[in-house]
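K.L.:
Feature table excerpt (TrEMBL):
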- 91-118: coiled coil (COILED)
- 126-423: domain 'SAM-dependent MTase RsmB/NOP-type' (DOMAIN)
- Cys234, Ala235, Ala236, Pro237, Gly238, Asn239, Lys240, Asp258, Asp285, Asp305: S-adenosyl-L-methionine binding site (BINDING)
- 428-444: compositional bias 'Low complexity' (COMPBIAS)
- 445-454: compositional bias 'Basic and acidic residues' (COMPBIAS)
- 455-465: compositional bias 'Basic residues' (COMPBIAS)
Amino acid sequence: MALYSAAAAVLEGLERGDGGIKNLVYNSRFPHVRQLYALVSETLRYSPVLEKLLAGAALLQTEKKLPPQLAKVLVYDLLFGKGLKCGGRWKALARRHRARLEAELARLKVQQKVSRNEDLLAPARAASPGASQVPRYVRVNTLKTCVDDVIDFFKRQGYSYLGKAGSVEELRALSGKKFALDLHLPELLVFPPQTDFHDNLLYTSGHIILQDKASCLPAFLLAPTAGSHVIDACAAPGNKTSHLAAIMENKGQIFAFDVDTKRLATMNTMLMRAGVTGFRLTQQDFLTVDPGDLKYSKVTYILLDPSCSGSGMVNRGPVEEAAPSAERLQALAGFQRKALSHALSFPALQRLVYSTCSLHREENEDVVQAVLQEWGSAFRLVDPFPSWPCRGLTAFPGAESCLRASPADTLTQGFFVAVLERCEEGAAEPSSLPAAAEENLQQEAEGREPEAAPKKRKKKKQRVK
C-alpha cells in the first residue's frame, strides 16, 4: 500500500502545482525512488485512458471513499501494469471491480478500433516548449544562511556567478555552470534548466529550497510582517510555508492545514530541515476550520493555494497530463470559490493571496470575480506588482490587477495570483512590492539598466563550508 499511497500523493502534488515529478518523488521519502517514479510516470501517460475507464465504470461514484488519484494508480497497475502486488483493502476494492473495468476497457478498444492497450494512447506529443526553457530556480533559505554565502559556496563548486540579471533574456541565455541572481525576487538564484541539486549539500541541509519562481510569488506578495499570525490553507508539501517563515524571520505563528496525513508528515520533516519554527500543522480540511475559533483571532494574513487542474505545470515529467474535462473544471472551481469565500470570513483578516498553477479562467479570474461579488465592498482586489509583465485576463473590471506567469513571458511555470485586501474607511492605499524591486521592473520596462541589488544585511547565520 505504501507504493500506491506515495504515487497518489505525488500525483496530487503535481495537480496542486507543488513541483515537478522528480522533485516530488525525491521529497516523498519513499525508499524505492525508481519504482515510484516509474509508476507515477506510467499512470500519467495513461491518464486520459484511466479517466475514461473510471467514468465509464462509475468507480468513484460507487466507492466514494476512494481518492481519485489513488484510483488512477490502482486501475493503472491492475489493467496496464504488473498487477496489484500490494495495497491491502484498496487492492481488494479494485479487484472487486475488475470485471467491470475490463469490460469498460474492451468497450473503449472497440470504440477506437484498436486491439492493443498502447494503441489507446494519443500519439506522443513533442515536449512542451516551455519545459525546456524554464530555468532551475533556487530559493536561498534565509532562516539558515544568506544570499552572499550561498553564492560563494556555488563559486567554490566551480559555478560562474554573473551577478544580478538585467532581463528575462539574460536568464534565458544561461548555460553550463553559469548562474545569476533573479531580476525580481531578491533571494532567488537562477541556473540553467535541468541543473540537479537533489544531492547537493545545500539542499540536503535545508539551506536552499528548489522552488519555481512563480511558486515563490504567493508568499512574496502576501509579505506578512514579522510577528504576525498567518494561515497557509492548503499547505503541503511546505515550500510556501517555509517561504512565509523566512519572510517573517521565524517570528509569529503559521497555522498550516492539509487533509493528508502522509503529506503532513513529509511537510513536517521538510520544515524542520529548513529551520522553521512557530508553525502548527493540522490534518484538517480548511473548509471545516472555524473562523470564530479564538486561536485564529489574530490571523491577519492568509495564503490560499487550493487544489487545481495543474494545467500550468510544464515540467511534470516525460508526459503532459490531459486537459481536464469541463465537469472537472467546474468541480474544482466550485471548491476554489468555497475555499476563497471561507478564507475571507476570518474576522481579523487584512490581506489574502489566492493562487493556482492553472491556466484556466474558470479557476482563476472567474473564481475571484464570483467571490468579490459575494462579499460586496468588504474586500478589494489590489495590484501589488504593477510592472509585472503578465496580467489577468480581462474577465471583469479590475482583473488586470491579477498576475499571470508563463514559460514564454516570465520563464516560469504557468501561474495565477490575486491579492485581496480588506476595505476600511480611511485605510491607507494597499501595500505593494518593496520599492527597489518595483523600481527595477520599471527600469527594465523602459529599457534602462536596473540598479545593482542593494547589499543584503548581514545576519549571523550558519555558514556552509
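Using the three backbone atoms N, Cα and C, a Cβ is placed for every residue, glycine included.
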K.L.:
Just going by other Cβ atoms within 10 Å, which of the binding-site residues Cys234, Ala236 has the emptiest spot?
P.N.:
Cys234
K.L.:
Please list, in sequence order, the residues in the chain of Asp285 (S-adenosyl-L-methionine binding site) that are at least six apart in sequence and whose C-beta is under 8 Å away from its C-beta.
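P.N.:
When sequence neighbours closer than 6 are ignored, Asp285 (S-adenosyl-L-methionine binding site) has Phe257, Val259 within Cβ distance under 8 Å.
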K.L.:
Near Gly238 (S-adenosyl-L-methionine binding site), which residues of its own chain have a C-beta under 8 A away, given they sit six or more steps off in sequence?
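P.N.:
Expected: Ala256, Thr266, Met267, Met270, Leu271, Ala274.
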K.L.:
What's the number of neighbouring CB atoms sitting within 10 A of the CB on Lys240 (S-adenosyl-L-methionine binding site)?
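P.N.:
A 10 Å sphere around the Cβ of Lys240 (S-adenosyl-L-methionine binding site) contains 27 other Cβ atoms.
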K.L.:
In Å, how large is the greatest distance between any two Cα atoms among Cys234, Ala235, Ala236, Pro237, Gly238, Asn239, Lys240, Asp258, Asp285, Asp305, the listed binders of S-adenosyl-L-methionine?
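P.N.:
Farthest Cα pair among residues binding S-adenosyl-L-methionine: 19 Å.
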